Amino acid sequence: MTGHTGDVSQVHDIEILALNPTVNKHATFKPTIVSKKDKENWARLDHCKKGCELKNDFEDVKPTTLTERGALFESARCLKCADAPCQKGCPTQLDIKSFISSISTKNYYGAAKTIFSDNPLGLTCGMVCPVSSLCQYGCNLAATEEGPINIGGLQQFATEVFKKMNIPQIRDPSLTPLSQLPESYKAKIALIGCGPTSISCATFLGRLGYTDVTIFEKEQYLGGLSSSEIPNYRLNYEVVEFEIKLMKDLGVKVEYGKRLGENGFTVESLQKQGYEAIYLGIGMPEPKIDPVFNELTSDQGFFSSKEFLPKVSKASKAGMCGCKSQLPQLNGRVIVLGAGDTAFDCATSAFRCGASRVTVCFRRGFSDMRAVPEEVDIAKDERCEFLPYVLPKQVIKRDGKVVAMEFYKTEKGDDGNYSVDEDQFFRVKCDYIISAFGSQIGSVAESCSPLQFNKWGTADIDPMTMTSKHAEWLFCGGDLVGNGTTVEAVNDGKTASWNIHKYLQSLHGIPIPDGPPQLPNFFTPIDLVDISVEMCGMKFPNPFGLASATPATSAAMIRRSFEQGWGFAVTKTFSLDKDLVTNVSPRIVRGTTSGHHFGPGQGAFLNIELISEKTCHYWCKAIGELKRDFPDRIVIASIMCGFNKEDWTQLAKMAEASGADGIELNLSCPHGMGEKGMGLACGQDTELVFHICQWVRAATRLPFFAKLTPNVTEIKEIAKAAHDGGADGVTAINTVSGLMGLKGDSNAWPAIGDEKRTTYGGVSGNATRPIALRAVSSIRKSLPDYPIMATGGADSADATIQFLHCGASVVQICSSVQNQDFTVVQDYITGLKTYLYMQSREDLLQWDGQSPPNEIINKNPKLKGLPKFGKYLLERNRIDTEEKQNIDLQKVKNPLVPSPNPTHPVPSLKDQINRAIPRIGRHDDLKRDQQVVALIDEDKCINCGKCYMTCNDSGYQAIKFDGKTHIPLVTDLCTGCDLCLSVCPVPDCITMVPRETIYVPDRGLTVQN
């Protein structure tokens, strides 16, 4: 082969390197007039579609909507606070920090389960909740520069992923079976109106076990205002169908075309038919119309929001109705009256119906608008105009059509009240008027009898129980009682369900004790999966246990961990009284492996903490108490002493007498104890390990495990010594010896005492996981079927599965508890169950864990070569707007299908152990004739050039970077090293695909024989 000629160090790729960063050796300038023009070439922020460009465009426009990348980034930012204020701000009391914690570990089912447990319309609320005035309102991160968490976006993301899984809801089988419930659970229950509040109420009643629950809906579609009045670009009908399907999974029935006041259908008629409890969730069905608009019709150019928004929804929400409705054609100038959320839905919908200009007019000032910022910001971005301090005076018509609107000016007094100045009025030209001045019960009030209404026109109820003050069997919620947001309506239904339950049981002589409500959680077949595992005769209810570390500092802490669901615990290492220790402080510090990252989710910790300061007698007593109170949990005693047969024998016998299930020999503490001839001092020598294991084997019949140090050349040799000495298994690994960092004055942290001295400590956490995975797999390959307890960065179900695949049976956990609290185990449990369940469904086998496969999208060839910035983005928008004019808005993209049954048995945890081992081996066994190259998805690329830079300065100069479009192009020089993919900030933007040509390495110079 012929290599380079001339100097081999000469730079040859001048063209490719043209845009590669170089060090500036002097300041530069560009005239302002030039830079002003240039910046437009790269603009992204102000180039979204707006105004008339939005005609027929009902795609999601919410700025809160997240991709998986965004969700993982945002969830990692969450502090997961104690007594979290976000939960207090949520009407449904969602455990927000828990579901966000699950998202951060890629356990999207766990997140969805948490959400749907408290909010059966969790996806709807994730999409439309005014979080800025609810959960986000109290976010502690609002006190920082980066601002509050995007809670709504995270909720939407997790529940949408669960929707794609297509898994049915079932009733928790741990509850009393339906066949064994008393007759009171067969009571007939009616709900009127199939909107959010009724769906919520019916779902909880179904979970409680009521089997005769019927919803009566006036329309031929379901969902109430979620379907008819919230636009598709905020909430599509697929979401409504999905949540109703989950409700129907519990046996709830729905009857269509049942309109109050028609054909004798009333609240009282239902009671006469034997319905023992009735829930009214009909909203406020009629608009409030200003007398100025009396006798005006849509043909003349006037709409109420109650008329306009349903017309838009029927024409734009695929699957909502079978009719072939057309969008209202508002070709001209539109005035929207009102300043609530509904008014802004009307305003942004008007653009999609062809409006050339939309003006939102309202009586108050900007600071007193009722609409939430989420709605106002979208309208502002889409170029709606705003006209505050005005009140309708009269409509101007010409030839029977609206042509203008006259307004009075209003003023705000010092007392905060608004007044009308009739001396000031003006005219605004328009072609259409949409009134969004609120709604009222109207003519159906009589059909709601015996329900009565208060002076505000809302139902007269007890707001603590949602019970009518005039009929104990009648309950109400949602708009009807003045709670106008979707999430408040959902919570009304939830509250009513419990009180309906209490009422019905009392009717049948079964009083429900006072105390906190106990509504059943969301439950699916995933939750039935068995994740128990047996190792060395010990039956672990789940593979998650506390490592012998800070979370096991005391018996009371282990007790609390068991109460939260942990399967086992290893005690903090204890010694004989003659070897008692006293710790220094400070002794546990955050890692530096994740850069300057503060707060949650630390990638590593370093500690110089010694073994337990408590006596061996304390721990032996504690073990007995824990086994007495938690007989199904595994308790393993961790012991340590020097190389002394009598001491090891005594400690082993004490541990056995305490009632422990097993013993762990701490032969690996990397700091402090080694200086005393213990821990690391014993565990680095195969001969010492062999003899210690022999002594312990002779002293006890309990299974015992040697805890191994990674601070050796080859850990499998230490494992072999333990095996040969009689140990039943090993724990791999203990912490890695390290020095975490130095300050600018050369002092390390932790620095002890006035002299600021330090020592090498043990590094733990995710930073050690690659070392731990290597250790576990190496031991497994060397000692097939030898029991292994893994530890070292097991911070999720996802990480746990990796350890199982490498040969471990259970995992010990410390750092993730230090990062959060004991409740994280529930995230790991649901995550592991989900992983196993998904392997039983053929349609889910292509998922990467809980990450859905990339959707196959037919890419528009017209968009090729057009990045999403500057003039190229404007051109993309033009093409998209043009093609939207002919789009079939009623074509269902993702039709709802029945949940498939498993096609294979759900595998056991044991089936996962060792799965990766056959594919881990020698470098010489790797195929050199099966090469790959990088493929960049232009549509996903954000044009950052990270791939280009790393390939230039750390790779093979194989990527070109267009100076105008910033689109990267992989050339034939690509060697498939994968570095570009590793630094790419967008998941799946770069993939490695088979190389189509034979790979010929560049040897630099001609190969010499």
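Glycine too: its Cβ is placed from the backbone N, Cα and C atoms.
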Matching residue for the FMN site, where Swiss-Prot names SER548, LYS572, THR573, GLY765, THR791, GLY792, GLY793, CYS814, SER815 - out of LYS707, LYS871, LYS884: LYS707
From CYS139, CYS194, CYS201, the one annotated by Swiss-Prot with CYS78, CYS81, CYS86 for [4Fe-4S] cluster 1: CYS139
Candidates ASN583, ASN607, ASN766, the one Swiss-Prot lists with ASN666, LEU667, SER668, ASN734, THR735 as binding substrate: ASN607
Closest of CYS139, GLY223, ARG363 to CYS980 ([4Fe-4S] cluster 4 binding site), Cα positions, binding-site residues only: CYS139
Do you know which of the binding-site residues GLU219, ASP341, ASP479 has the most other C-beta atoms within 10 angstroms of its C-beta? ASP479
Grouping DSSP H, G, I as helix and E, B as strand, the residues of the domain '4Fe-4S ferredoxin-type 1' (69-99) number 18 helix, 0 strand, 13 coil
Starting from CYS974 ([4Fe-4S] cluster 4 binding site), work out which of the binding-site residues listed here (CYS78, CYS129, THR485, CYS944, CYS947, CYS951) have their Cα within 10 Å, and give them in sequence order. CYS951
Rounded to a whole number of Å, the separation of the Cα atoms of SER548 (FMN binding site) and ASN666 (substrate binding site) comes to 9
For CYS951 ([4Fe-4S] cluster 3 binding site), which residues of its chain lie six or more apart in sequence with Cβ-Cβ distance below 8 Å? GLN957, ALA958, ILE959, LEU979, CYS980
May I ask for the distance between CYS941 ([4Fe-4S] cluster 3 binding site) and ALA339 (NADP(+) binding site), taken between their Cα atoms and rounded to an integer number of Å? 39
For ASP479 (NADP(+) binding site), the three-state class that DSSP assigns: helix
Cα of ARG370 (NADP(+) binding site) to Cα of THR485 (FAD binding site), in Å and rounded, measures 12
Can you tell me which of the binding-site residues CYS81, VAL128, THR573, GLY792, CYS977 is spatially closest to ARG363 (NADP(+) binding site)? Compare CA atoms only. VAL128
